[in-house]
Amino acid sequence: DARWDAVVPADPSKDKTTPFEDATHYNNFFEFGTDKDDPAARAGQLTTAPWSVTVDGLVNAPGAIALEDLIGPSQLEERIYRLRCVEAWSMVIPWLGIPLADVIKRADPKSEARYVRFETLVRPEEMPGQRSRFGLIDWPYVEGLRLDEAMHPLAFLAVGNYGRVLPNQNGAPLRLVVPWKYGFKSIKSIVRISLVKDAPMNSWQQIAPNEYGFYANVNPDVDHPRWSQSTERRLPNSLFSPNRIDTRLFNGYDEVANLYAGMDLRKHF
Amino acid sequence: MQTSPRLILLWRVLVFFAALSPLGYWSAQVALGHAGPEPGQYLLLKFGLCALVLLLLTLALTPLTRLTGWRGFTAIRRQLGLWCFAYALLHLTSYVLFILGLDVSLLWDDIQRRPYIIVGALALLGLLVMAVTSNRVSMRRLGKRWKRVHSLVYGVLLLVLLHFFWVVRADMAEWAGYALAGAALLLLRLDALSRRLPALGRRLRLR
């Protein structure tokens, strides 16, 4: 009873859906290792049911909510979004889920809430990346959005992709999808959603503040210090055609531009 | 330990095919579509890591010779060094061909602005100098200076480790392993340690 194709690319010939095999075997999910094929190889052991999400902070209705109850009241829909990784590759993925705004509204934020903070599961016995002694990420992985960003109709909580339940390596059982921001903002395997007053320090900003900011909006004019962001490699590609396309501001989702009116996007990268 | 020239030759041929086999394996993976959605990136990373492993192996040969006294290790030194250069060259080629799509202006932009590219380029330059002077003619012509030219290898190792360090993102474990191996090999070059290797080899009954 999902609303299929609720959001689809304006030009499907330019944004062809990435094959399932590629979207599920080329992942950054450092809880399971640093190689692109580590998550597919190692995430199978993650227990995703039962799953509950703690909604807390500046809300009138805090509590630990079972995943079914978090999602249940909303209408499931399918959205085909472009996903632009900060590493300059991109895919097009059909997600299944609900608007993030639904969950936030049900939590009933207090008036002083300004930001939303998200946290990934910490379970080293099932997440080998969290057992590494040389890891740079201070677990749990943390991400954040400004409240108005989180309430934007495009911000999405996914429980599935390609018309089925989310594979573990893609962030099962619940992940964020913010299509106008670099992929690392779309935090996986969420266990906590907190409404807070101040901007949360997200994990990548903590590791390398000169390379990763809080906003992380896709922007061809603001380079990563180590590579250009003006183009991206649309995957899958082949050896002799890198499939390079121009990167668009906000990943082509112009409808979010008003969220950043008057802001210096070079400063707030 | 005495080994007949024929056995040494066989050993060198074996090493040749062992060093060639990763190239064959990874090429086959790409050809069969098993290299994931970004085969260029796959080859880039494999070639780069292989070059580093070969560099470490090459640097291990002298201490191994001192430890065991076996001529076979010295006999493959030039070969392994050249293989290291070959994989480093394949690494660069993959970058220019598969990642940049032969857009040379992008490469120039990278070289000017990205420190890890500059460091990698310098390391490759060092390997190139050693590769072109690795033949007998150059050895004869350079005489005593040959050894000095080839001590570039230590600088190259440090540059390569720095190049690798700058691309590490979330976990230092893999890098730390290679850095530790590199540091150990550099330490074994110190006279105080290097001098003791033959005696240690005898005690361990390696020679």
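Easy rule for this one: first residue shown is 1, then count along the chain.
Here the Cβ of each residue, glycine as well, is placed from N, Cα and C on the backbone.
Values in this document were obtained by computation on a predicted structure and should not be read as measured data.
The domain 'Ferric oxidoreductase' feature in TrEMBL is assigned to B:48-160.
Taken from TrEMBL, the feature transmembrane segment covers B:45-68 (among others).
With a cut-off of 8 Å between Cβ atoms, the residues of this chain six or more beyond the transmembrane segment (B:80-102) that come close are 15, 19, 23, 39-41, 43-44, 47-48, 50-51, 54-55, 57-58, 61, 110, 120, 123-124, 127-128, 130-131, 134, 153. TrEMBL lists B:80-102 (among others) with the feature transmembrane segment.
If one looks beyond the transmembrane segment (B:114-132) by at least 6 residues along the same chain, the residues whose Cβ comes under 8 Å of a Cβ in the stretch are 81-82, 84-85, 88-89, 92, 138, 149-150, 152-153, 155-156, 159-160, 162-163, 166-167. What TrEMBL records for B:114-132 (among others) is transmembrane segment.
Annotation comment: TrEMBL describes B:152-169 (among others) as transmembrane segment. Beyond its flanks by at least six residues, the transmembrane segment (B:152-169) meets 48, 51-52, 55-56, 58-59, 81, 115-116, 119-120, 122-123, 126-127, 129-130, 175, 178-179, 182, 185-186, 189 of its own chain at Cβ-Cβ distances under 8 Å.
Packing against the transmembrane segment (B:175-193) from elsewhere in the chain are residues 52, 56, 59-60, 62-63, 154, 157-158, 161, 164-165, 168: each is 6 or more residues past its ends and has a CB under 8 Å from a CB in it. The transmembrane segment annotation in TrEMBL covers B:175-193 (among others).
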